[in-house]
Amino acid sequence: MKTLMTTAKVALLAGSVAAAPAIAFAADNPIRGNIRIVIGSKSTGGDTYQASSIIAEALADKIDANIKVDAVGFSAGYQALARVPSGNTLMIFHDQAYLGHLYKQKGYEDPFKQWQIGPSFATNPGNGYLVPKNSPYKNMDEILNAAGNGQTIRVAIQPGGVSEIGYTAMKNAVRLAYPGQEDNLVALNTGSQSDKNQAMFDGLADVINGSVQANEQYTRLPADDQKAMNFVWLTAKSSTLQGANPEGMGQTSRDELLQYASGLGVKVPMDAENDFTFDKEFFFLYNKRMSPEVVAFLDKALADVFADGKVQETLKKSFFIPNFRTSAEAQKHFQAKRDSYAKIIENLHK
Amino acid sequence: MEFLELLSPAFFLLAAAGSIIGIIFGAIPGMTATMAVAVCLPLTYTLGLQEGLALLLGLYVGGISGGLVPAVLLNIPGTPSSITTTFDGYPMAQRGEAERALKTCIVASLFGGFFSAVILFFFAPVLADFAIKFSYVEKFLMIFFAMSVIASLSKNILMGVFSGLIGVLLSLIGTYDVSNGGNGEYRLMMPFMEDYLAYGFSLLPVLIGLFGISTIIEEAEKGVTETSHENKVNLSKGKPFSFSIFKGQFGNLLRSSSIGTFIGMLPGIGGSAASILAYTQQKNLSKQPEKLGKGEPEGLVASESANNGLTGGALIPLLSLGIPGDSTTAVLIGAFTLQGLQVGPLFIGENIDTWYSMITGLMFANIIMFIVMFYAIRYIAKVVLIPKFVLYPIIVMMCAVGAYAINYGIMFDVWTLLIFGVAGWIFTKIGIEIAPLVIGFILGSAAEVYFVKSLESYGEYSILVTKSPIAMVLWGLIILSIVLSVMIHKKSKKQAQQESAS
């Protein structure tokens with residue numbers, strides 16, 4: 001009985017110690033009521049929903065608030081964010097926010113003018129390109145050289161964003177090595193990942209945009225399977241990819257994936273000195289009128305979440321790379337990132 | 001049988017709770033299975049994969065099935081896939097056979113659900129390999145086949161086709177979305193519409209407006225008169241339910257469930273096409289096609305077995321390719337995402353225990369759906385006894401709440417409900433037919449995407465016929481469907497002439 005009482009006391013104490021930070025944060029919380037996080041994707045099967053749910057769960061625990069993630073898509077998300085400056089509606093998106101604007105997609109305004117850039121928290125190093133297993137092209141060199149030598153290469157992408165930036169880089173690389181031949185790379189305008197896969201199965205695309213998360217299982221199918229495919233390029237920096245879980249994704253280890261990373265196994269030149277890389281990063285967007293007090297509170301709460309160290313493990317388990325920056329750091333980082341990709345896109349349109 | 005260890009009492013409890021909550025969501029006009037799954041999705045984060053999936057599968061089955069209740073009792077399809085249930089269900093309810101109609105629907109739903117779960121269990125990978133043979137061309141033809149039902153459902157073929165065309169044009173308003181492979185440009189828009197209609201009219205408010213609100217406006221036009229009480233539905237007047245209804249319906253059940261499962265496994269076609277296609281094929285092949293649409297149980301059997309057949313069908317590409325088959329499974333995939341689990345071509349083999357527990361959950365949810373609905377239905381059927389001046393304001397309120405919630409709080413969706421309610425009332429007065437219009441609206445945008453993509457990809461019109469043997473077979477079915485519809489129209493016209501002569 002005594003042991004039981006002692007155990008109960010210890011449990012109670014442990015519970016109160018664990019709950020203490022949450023209570024402290026709850027007391028300081030300038031956001032009254034529940035928090036809704038809208039995301040820029042309509043899919044609950046994609047990486048945006050997954051990363052957002054992980055961070056929302058951790059943040060909710062930390063500040064002792066109810067947080068719900070809604071996969072509403074960028075357009076409805078922007079509308080919801082514009083309506084609520086109190087911090088009760090936040091948004092999570094990725095580099096598409098400024099790439100959509102750079103590619104002049106409808107509905108995409110300049111996020112640096114329209115919103116406050118909030119903290120970043122994760123990178124998905126899985127964005128990449130694939131070919132069928134029985135493709136005549138085994139790697140990026142062969143693809144770029146074939147295009148340079150007059151072969152038409154059809155690349156299935158969704159225009160105007162993360163999916164297109166790698167295609168832009170491929171065109172740029174062909175232009176550098178074989179000036180005037182870049183138009184041999186043709187974009188096949190498809191929608192969802194399933195459309196891109198289907199374009200490959202139908203023989204309509206030579207290369208498709210995909211991701212480690214969505215396509216890894218397809219790379220393990222036998223070569224005689226119509227659905228079998230291989231990665232040829234992962235756009236993430238090799239240093240970023242090295243930060244991923246060593247187990248990698250599914251049955252493919254991080255080291256196996258590294259052979260497709262820029263700078264290691266693959267070379268897609270951006271200019272005479274540098275290779276092109278692209279890390280897909282997730283970050284918060286805030287209403288422009290949201291008070292500095294709320295911004296500082298969320299910065300502090302997220303910094304604490306990362307200081308605890310648990311969220312990093314959860315993110316890594318799902319093949320994300322933890323990547324926390326405060327609002328001010330993120331603003332600076334993404335502005336610089338935007339400017340550098342703007343130059344590449346501009347070069348191609350000259 | 002290690003998976004048996006995963007099946008805790010909580011697993012069954014959650015599947016049952018999901019099924020019941022799903023039925024409620026499905027039964028409220030404006031709330032759908034997709035919404036039920038979306039609302040409960042975050043719960044799976046803490047529940048764990050097996051329990052989370054049990055809850056979501058229950059919601060899915062319950063949500064799809066619950067849609068039959070307002071379709072039969074109120075002439076409002078609870079979910080888009082129960083449109084064709086209104087065609088015969090509501091006339092039966094008006095005749096005092098609400099309980100008979102509802103029970104027919106429930107038994108057909110159970111058959112469809114079980115049928116598709118069995119197909120899913122035994123043939124998922126094989127069927128997924130077959131599904132990827134359907135490229136843009138075959139998907140367009142599949143939709144075109146479903147559209148051919150307009151000819152069969154119209155009272156007047158010319159007016160029906162015209163109404164269907166209006167539906168297609170309405171569905172094209174908005175952006176040709178890049179996420180569908182479009183160019184991101186606006187179509188059929190004037191500048192002032194851009195803020196509201198950038199992504200077009202939402203399906204559900206349009207549907208509820210045309211079916212529900214327009215009926216209510218029509219009733220309001222008639223007003224509450226002395227005689228309206230005398231015409232009140234008498235529940236004991238009509239024939240009671242008996243399993244003998246299904247005598248001679250086995251072929252219908254099997255065909256409609258197969259159509260439902262098959263349409264479900266083709267991503268991008270849309271679940272509503274399943275019941276539309278099954279209903280019309282039943283009408284084309286029926287011995288008494290002229291009776292369908294006037295309150296025939298065989299129409300209900302076709303519609304409901306097809307839309308529940310969809311549940312297992314839509315899980316086939318999800319679990320065999322990682323691609324959701326319909327809008328609800330597109331949300332359901334989030335349960336796997338939240339657990340950090342990949343779904344793709346190797347999912348079943350690598351997660352065999354999860355696979356078995358999903359099939360168990362699906363079967364169990366169907367059983368619970370059947371038990372709850374079959375035995376509760378006699379009480380639910382009494383909704384038709386509520387005086388219309390009490391019932392209709394409640395329905396309008398529920399429709400408005402549902403429309404507002406469907407896209408997570410967009411006020412224009414409520415206006416859409418009203419606009420299409422008034423439009424539906426005017427349409428019926430000027431002879432435009434609602435059912436073909438709605439079918440055109442549902443299928444129009446997908447037809448456009450696949451038609452344009454077919455031409456973009458292959459660059460010639462002839463590819464629509466010559467692409468593959470599947471395409472040729474589909475053309476055969478389309479022609480057959482149209483010819484049969486025309487023959488049925490001629491036959492019923494002749495009959496009407498003979499009757500008027502005698």
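Please read every residue number as a count from 1 along the shown chain.
Yeah, the Cβs are placed from backbone N, Cα and C, and that goes for glycine too.
With a cut-off of 8 Å between Cβ atoms, the residues of this chain six or more beyond the transmembrane segment (B:12-41) that come close are 47, 51, 54-70, 74, 76, 78-80, 204-205, 208, 212, 327-328, 330-332, 334-335, 338, 361, 364-365, 368-369, 372-373, 380, 395, 398-403, 405-406. Taken from TrEMBL, the feature transmembrane segment applies to B:12-41 (among others).
Residues annotated as domain 'DUF112' in TrEMBL: B:13-439.
The annotation transmembrane segment is assigned in TrEMBL to B:53-73 (among others).
According to TrEMBL, the transmembrane segment annotation covers B:101-123 (among others).
Annotation comment: TrEMBL describes B:157-176 (among others) as transmembrane segment. Proximity of distant same-chain residues to the transmembrane segment (B:157-176), defined by a Cβ-Cβ separation under 8 Å and at least 6 residues beyond the stretch ends, is recorded for 147, 150-151, 182-189, 193, 197-201, 206, 427, 431-434, 436-445, 447-448, 485-486, 489.
Among the features that TrEMBL reports, transmembrane segment is placed at B:196-217 (among others).
Among the features that TrEMBL reports, transmembrane segment is placed at B:259-279 (among others).
Summarising the annotation, TrEMBL assigns transmembrane segment to B:329-348 (among others).
The feature transmembrane segment is assigned by TrEMBL to B:354-377 (among others).
Below 8 angstroms of C-beta separation, residues 28-32, 35, 74, 76, 202, 204-205, 208, 212-213, 216, 219-220, 224, 383, 413-414, 416-417 of the same chain, each at least six residues beyond the ends of the transmembrane segment (B:389-406), sit close to that stretch. Positions annotated as transmembrane segment by TrEMBL: B:389-406 (among others).
Here TrEMBL flags B:412-427 (among others) as transmembrane segment. Remote same-chain partners of the transmembrane segment (B:412-427), defined as residues 6 or more beyond its termini with a Cβ less than 8 Å from a stretch Cβ, comprise 163, 196-197, 201-202, 204-206, 208-214, 216-218, 221, 399-400, 403-404, 406, 433-434, 437.
Residues or ranges marked as transmembrane segment by TrEMBL: B:434-452 (among others). Within the same chain, residues 80, 83, 87, 136-137, 139-140, 143-144, 146-147, 149-150, 153-154, 160-161, 163-172, 176, 180-182, 200-201, 203, 206-207, 210-211, 214, 268-270, 272-273, 276, 424, 427-428 sit at least 6 positions outside the transmembrane segment (B:434-452) and bring their C-beta atoms closer than 8 Å to a C-beta of that stretch.
The list of residues near the transmembrane segment (B:472-488) in space but at least 6 beyond its ends in sequence, with Cβ under 8 angstroms from a Cβ of it, reads 138, 141-142, 144-145, 148-149, 151-152, 157, 280-281, 283-285, 289-290, 465-466. Among the features that TrEMBL reports, transmembrane segment is placed at B:472-488 (among others).
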Subject >> Result, the transmembrane segment (B:101-123) in contact with the transmembrane segment (B:354-377) (3+ CB pairs under 8 Å) >> reply: yes
Subject >> Among the ranges B:101-123, B:196-217, B:259-279, B:329-348, the one whose Cβ pairs under 8 Å to the transmembrane segment (B:53-73) are most numerous >> reply: B:101-123
Original post:
When the pLDDT values for the domain 'DUF112' (B:13-439) are averaged, what is the result?
Top reply: 89
